[in-house]
Amino acid sequence: MMKRLRPFWFALGFLTTLPIPRTGNATAEELRRSVFWYPLVGWVVGGVLVVVAALAGAWPPGVEAAVVLAAWLAVTGMLHLDGLLDSADALLAPRPPGERLKILADVHHGSFALGVGAVFLILKWQAIAAGPGLGALALAPVAARAWILPLLGLFRPARPGGLGAGVRGGAWGWGLLFAAPLALLAPGPAVVAGAWALGFALWASRRLGGGLTGDVYGAAVETTELVFLLAVLFWKAPGPTPG
């Protein structure tokens, strides 16, 4: 049983900072199989957010949202945020695709990263403070990680030896079963999030000359979570009252 769960532990250890059993190094096949568990890891992240939000619920909405956002960044190790910042520098740069790939490999962050990162964090903080509900906090990480799976199957790696290439080819289709509750609990926001993820991936792939990288997948996760929250708020907003 422990051997069969190794890909799950690798997924949990890669996507979060939560402690995992000692499993040694992953084989190439285990790394590919780990993508099957990404949506389940989303449930774990969502569960952490729900607990933190419940504990911080007595504070003003802005403070509660800041605590939840801090927990969100902490439990993911800012992995996806780093991908968003790197992607901003590369994808927004007025450079040829080949040079954008070189920018993605640069560990330093530039002005595009700072601007996009600041706006993104403010938007996410405000989206949480607006009160999408505990259910939305639980589902947003699931939706984002679920929509990454078809992207791994649809887009080739921009760099053959990159992280995106290492996880490509796993049984991602079955992994979507972990996200099946989205179809019942939040079908509208889930579809909007999926449309965003696909559109973002298409745009990023064109900017990179075809293909995606691990950083871009991280950016897709971060932005899809935000889009899901915003879609939930849109669905919850009261309609116009009769005049």
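Just so you know, the numbers here start at 1 and follow the chain as drawn.
Each Cβ is built from the backbone N, Cα and C atoms, and glycine gets one as well.
What TrEMBL says about a protein is an automatic prediction, not a curated fact.
Some features that TrEMBL has for this protein:
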type     : residues : note
TRANSMEM : 36-56    : transmembrane segment
TRANSMEM : 63-81    : transmembrane segment
TRANSMEM : 101-123  : transmembrane segment
TRANSMEM : 135-155  : transmembrane segment
TRANSMEM : 175-204  : transmembrane segment
TRANSMEM : 216-235  : transmembrane segment
Considering only the recorded stretches 36-56, 63-81, 101-123, 135-155, 216-235, state which has the highest number of Cβ pairs under 8 Å to the transmembrane segment (175-204). 135-155
Top Cβ-contact partner of the transmembrane segment (135-155) among 36-56, 63-81, 101-123, 216-235 (pairs under 8 Å): 36-56
Checking distant contacts: for the transmembrane segment (101-123), what same-chain residues at least six beyond its ends satisfy Cβ-Cβ under 8 A? 69, 81, 84-90, 92-93, 95, 158-159, 208-209, 213, 215-216, 222-223, 226, 230
